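Engineer: Quick one: the structure is below, and I'll ask about it shortly.
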Amino acid sequence: MTLALVGAGVMGQTLLGGLLRAGRSADDVLVVDRRAGRGRELHERFGVRVTGDVAAVRGARTVLLAVKPQDLPALLDSLAPHLDPDALVVSLAAGVTTAAVEARLPAGTSVVRVMPNTPSLVDEGMAALAAGSSCADAQLAEAEDLLRSCGRTVVLAEKHLDAVTALSGSGPAYVFYVVEAMVEAGVLLGLPRATATELVVQTVVGAGAMLRETGQHPTVLREQVTSPAGTTAAALRQLDDSGVRAALVSAVEAAAARSHQLSGG
Ligand SMILES: NC(=O)C1=CN([C@@H]2O[C@H](COP(=O)(O)OP(=O)(O)OC[C@H]3O[C@@H](n4cnc5c(N)ncnc54)[C@H](O)[C@@H]3O)[C@@H](O)[C@H]2O)C=CC1
Ligand SMILES: O=C(O)[C@@H]1CCC=N1
């Protein structure tokens, strides 16, 4: 076993699936989760070994931590005595700094902080990585390789990670929220729910693909949809009158502030 994943919830399972799809052998991975039922589910689904005992990480070259930020301090305390001196610790916990992780581990432990997102489930993830104080370039590259198995990566200074958390970490939820509202609007206008859902989902996927594939600014793409005195202009006026743009800015700001707060800042 060279990789131990501690915490097999939404994000842990998502990354595990990506790693296995990218060709990593299930024999190479150990999953640690304190919920026995959860471990069994992952064993049945992916064929990985599972345990509830964090001491089993002994010997792992890389230890991926995917527990809630509130559970991380206690986990680090129980993990520290069992960690190999040259192990790489990769934390996914929102808002928790590399310094806070390092403070609970043996001096000199290599730590990388990562903010991934749930589209990793379909290999369209976006993850930002920041290196801790003892992390060598080669270990940062190793962590990047792990995350690249299910999407894109970017390496940033750690000071940017609260903003990243607010944009791409939480971002999928904002998109799903807009989709929910648009589907309800379709139903209000008399469309069957399944039809409304298909129309909205394909519209979001298509708009996302246009943004990426044309590389054009969103303003240019929006203007192409907006005919003079047309339907889109009427809709956009309502969005502006309702302060939707300002609400989105405030929402992202609130998420970044919450991420900062989780670090004790
Ligand atoms: N869900 C998301 O969209 C994203 C989550 N994250 C981060 O990923 C981390 C995990 O989030 P989720 O997967 O959503 O949480 P979750 O609650 O779905 O999963 C956490 C798992 O950790 C296990 N666990 C907790 N303490 C443990 C311990 N001491 N030993 C063994 N297992 C333990 C729990 O039993 C649970 O299965 C969080 O720190 C979150 O900030 C980061 C980016 C996106
Ligand atoms: O809501 C949260 O705290 C986590 C971090 C980013 C996405 N989900």
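Using N, Cα and C of the backbone, Cβ positions are placed for all residues, glycine too.
When I checked TrEMBL for this same protein, it listed these features:
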DOMAIN    3-95  domain 'Pyrroline-5-carboxylate reductase catalytic N-terminal'
DOMAIN    158-262  domain 'Pyrroline-5-carboxylate reductase dimerisation'
Engineer: Need one number: mean pLDDT over the domain 'Pyrroline-5-carboxylate reductase dimerisation' (158-262).
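Structural biologist: Taking every residue in the domain 'Pyrroline-5-carboxylate reductase dimerisation' (158-262) and averaging pLDDT yields 97.
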Engineer: Tally the residues of the domain 'Pyrroline-5-carboxylate reductase catalytic N-terminal' (3-95) by DSSP class, grouping H, G and I as helix, E and B as strand, and everything else as coil.
Structural biologist: 44 helix, 19 strand, 30 coil
